[in-house]
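Presented below is the structure to which this report refers.
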Amino acid sequence: MVEHYSVLHKEVLEFSKLIEGEVFVDATVGGGGHSYLILKQNLNLKLIGLDKDDYALKVAKERLKEFEDRITLVKSSFKDLDKVLQSLQIKEINGILFDFGVSTFQLKLERGFSFQREEFLDMRMDTTQKLTAYDIVNYYREQDLYNIIKTYGEEKFASKIAKSIVEYRKKKKIETTKELADIVYRCYPPNLRHGKIHPATRTFQAIRIEVNNELKDIEEGLEKAINLLAKNGIIMAISFHSLEDRIVKNMFKKYKELKFLEILTKKPITPSDEEIKENPASRSAKLRVGRRI
């Protein structure tokens, strides 16, 4: 099994102690890391784990087998949380966790999320859906590519990158992560090519968001989750870039103003130096927590 780190797990466990009642949802169960720790700590909890990824559910089932009488795993996007709970005849929940990061095993399983190796440009969380990164890179118009890379990647060289992609694909289709990463790399001035993050990071993020409709799903999922919380129910959300964090922050603020939610994290909680050293991928993680009033 591929190793999977649970980001900010100590902090998540601390806030999980506040959960009253017994229904908890892991909206992004992934490899089951957070779920395992929460089930071990909160002995009365029954857990519903959601994921769009078949392989993630397989990994989670294996990871959580000692708790099999307390877990229900469902293949679903968290944007359909209301439908999932309805099918399970559950009216409200006592706690929910969202972790918007790409799982370590997804990065290692040659699904096109990583530019560290030569992989087919896929990037689908749900491998049964049709749209892939290959389709976007090879068939979207230059203007649409620019909009995606600029908006979802907050990439300052978006115009040059979109233009270079279109020029390159006139000669041959862009098929692999390495090809795309090299195109982006060459769009950066030589003095900016060796910064903290690889030049292709933002472009890959942008295309992944487009493939999986991530930001719209996050907004929808958070809204439904807050409305399904029982009194004193806890919502925890871990984001990995400013676009995700902004959605969480604004959604919490909206429901605070509606006197519906108390925000328990004045500022987002970030990983300790120790955690970043152990798991460098956690460096950009931010945790925000709210409680239903």
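Each Cβ is built from the backbone N, Cα and C atoms, and glycine gets one as well.
Pulled from Swiss-Prot:
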{"type": "BINDING", "residues": "GLY32, GLY33, HIS34, ASP51, PHE78, ASP99, GLN106", "note": "S-adenosyl-L-methionine binding site"}
{"type": "REGION", "residues": "272-293", "note": "region 'Disordered'"}
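Shown here: features listed in Swiss-Prot, placed on the structure.
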residue : record                               : Cβ neighbours (10 Å)
GLY32   : S-adenosyl-L-methionine binding site : 27
GLY33   : S-adenosyl-L-methionine binding site : 24
HIS34   : S-adenosyl-L-methionine binding site : 26
ASP51   : S-adenosyl-L-methionine binding site : 27
PHE78   : S-adenosyl-L-methionine binding site : 23
ASP99   : S-adenosyl-L-methionine binding site : 23
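Beyond the region 'Disordered' (272-293), the same-chain residues lying 6 or more positions past its ends with a Cβ under 8 Å from any Cβ of the stretch are 5, 7-8, 11-12, 15, 18, 101, 104, 226, 229-241, 245, 248-249, 252, 255-256, 259-265.
Across the region 'Disordered' (272-293), DSSP assigns 9 helix, 7 strand, 6 coil. Classification of PHE78 (S-adenosyl-L-methionine binding site) by DSSP places it within a helix.
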